[in-house]
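Enquirer: Sharing a structure here in structure tokens format.
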Amino acid sequence: MTSHRTPTPAQLQRWDRRYVWHPFTQMEEWEQDPPLVIQSGKGAYLYDTDGRRYLDGVSSIWLTVHGHRHPDLNRALRRQLDRIAHSTLLGLTSPPAVLLARDLVRIAPPGLTKVFYSDDGSTAMEVALKMALQYWEQRRPRIQPKNRFLHFTLSYHGDTAGAMSIGGIDLFHKRYRALRVPTFTAEPPYCYRCPLSLSYPTCHLRCLDPVAKLLKTRHREIAAVVIEPLVQAAAGMITAPPGYLSKIRELCTRYHVLLIADEVATGFGRTGRLFACEHERVTPDLMAVSKGLTGGYLPLAATLSTDEIYRAFLGRYDEFKTFFHGHSYTGNALGCAVALANLEVFRKEHTLRRLQPKIRALSRLLDPLNTWPHVGEIRQRGFMVGIELVQDRATKTPYPLADRIGHRVAQEARKRGLLLRPLGNVIVLMPPLSITLPQLTRLVRIVSASIRTVTAAA
Ligand SMILES: *Cc1c(COP(=O)(O)O)cnc(C)c1O
């Protein structure tokens with residue numbers, strides 16, 4: 001240790017720029033300004049080292065559920081810490097891992113019966129992909145390999161190699177093609193910029209036609225369809241029309257293709273239900289959860305599977321049907337303990353019931369922006385909102401990415417005490433589910449003022 005004194009805010013800012021390489025960040029730009037150092041949080045607020053307060057408008061990148069420093073979650077962590085921080089699930093088990101798995105199976109879409117733990121959204125998706133491949137190999141040995149995935153363009157499933165293969169955001173994924181396996185892709189139902197130039201709602205889900213065609217002609221090769229149910233989040237909160245997900249489920253069943261639902265962003269109340277799949281009574285064959293699983297406290301993830309898939313991995317040891325996959329921290333006791341407390345708070349505080357009026361309030365508060373000249377579309381599904389800003393409302397002409405319009409809106413919002421992280425030209429609102437109505441009102445007021453200021457000057 002070089003010093004026992006608490007570092008000053010200025011020291012932290014200097015050392016950050018000297019030592020830390022930040023995710024999804026142009027570091028040359030980062031180095032130009034002193035970074036905002038968050039020291040603490042409470043509820044929907046974050047506090048910097050100077051004691052300034054900010055509303056956490058994106059739940060610390062889509063994680064926080066019941067607010068920061070929730071007493072029940074804190075208590076659960078402290079209790080677990082007094083027992084043990086971690087013991088392995090390779091050859092052993094632990095109370096929090098067992099109890100959380102049981103709880104997850106109880107609340108998940110019916111038919112999902114087994115829980116495989118990992119560390120984050122990306123690894124939960126890697127697990128789902130590997131399970132799907134091995135499932136088909138073990139179920140139908142010697143038949144033509146069923147080992148390709150069908151996913152959507154603009155999709156995002158994480159940054160590890162397998163997850164990138166099924167990712168469709170060129171800016172993030174294209175450069176790493178050497179790490180990616182070939183896949184089938186379909187256009188997502190991006191109604192505002194319909195790739196098929198159909199008009200909603202008279203299109204009657206014609207956007208499914210290309211997916212149906214691919215499945216019809218190539219289903220023998222396709223192991224699974226991978227989807228972000230209801231909302232393609234990182235693509236800019238692209239919301240699917242009602243019925244889309246359940247039709248995808250039907251197609252997968254008809255053509256004997258697995259459905260992998262990536263509920264990493266949508267899970268744990270974000271869409272107004274515990275899981276997005278519930279809105280259309282869909283049970284996927286594999287489901288990945290992470291972000292909200294621990295209420296935003298610790299990295300933990302799970303891949304849930306059906307009995308049907310699980311059973312395909314059973315056999316004598318020397319049949320080698322084992323799922324040879326695991327991580328050092330799989331089923332981490334602290335993570336599972338806090339996740340259990342997180343789920344308990346949903347029940348105790350009636351989080352989902354109390355969320356419904358706030359979802360409606362959020363729509364109401366945002367409604368006036370719908371006529372603004374630079375607001376192209378406001379997409380909302382529960383507590384997931386994307387406001388797509390455009391240069392010209394009539395022609396839907398996007399702002400050039402280099403204009404950094406979203407970034408500038410976020411900078412304005414920060415001055416006014418709200419932290420945001422946009423996706424290109426899309427302003428994202430993902431407040432903690434526990435945000436109060438007055439806080440939500442303030443959040444929208446700040447967003448509105450920030451958009452007005454930036455677009456008037458642009
Ligand atoms: C964030 C995200 C992931 C990746 O999760 P990480 O924890 O960042 O690895 C995967 N899928 C979706 C839909 C996500 O939003």
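Including glycine, each Cβ sits where the backbone N, Cα and C put it.
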Enquirer: Same pyridoxal 5'-phosphate site as G121, S122, H327, S328 according to TrEMBL: which of D56, D262, D392?
Expert: D262
Enquirer: To see if you understand the setup: which same-chain residues, six or more apart in sequence, place their Cβ under 8 Å from that of D262 (pyridoxal 5'-phosphate binding site)?
Expert: G121, M125, A128, H157, V226, I227, E228, P229, A288
Enquirer: Ligand 1 is in the model; which of the binding-site residues D262, G326, H327, S328, R421 have a C-beta less than 6 angstroms from one of its atoms?
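Expert: By the Cβ criterion, which requires under 6 Å to ligand 1, the hits are D262.
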Enquirer: With K291 (substrate binding site) as the reference Cα, tell me which of the binding-site residues S122, H327, S328 is the closest one.
Expert: S122
Enquirer: Rounded to the nearest angstrom, how far is the Cα of Y156 (substrate binding site) from the Cα of S122 (pyridoxal 5'-phosphate binding site)?
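Expert: Taking the Cα atoms only, S122 (pyridoxal 5'-phosphate binding site) lies 10 Å from Y156 (substrate binding site).
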Enquirer: By a 10 A CB contact count over all chains shown, which of the binding-site residues listed here is most packed: K291, H327?
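Expert: When each Cβ's neighbours within 10 Å are tallied, K291 tops the list.
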Enquirer: Are there any residues in the same chain, six or more apart in sequence, whose C-beta is under 8 angstroms from the C-beta of S328 (pyridoxal 5'-phosphate binding site), and if so which?
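Expert: The list for S328 (pyridoxal 5'-phosphate binding site) reads T88, given in order along the sequence.
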Enquirer: Go through G121, S122, R421, our binding-site residues, and report the one whose Cβ sees the most other Cβ atoms within 10 Å.
Expert: G121
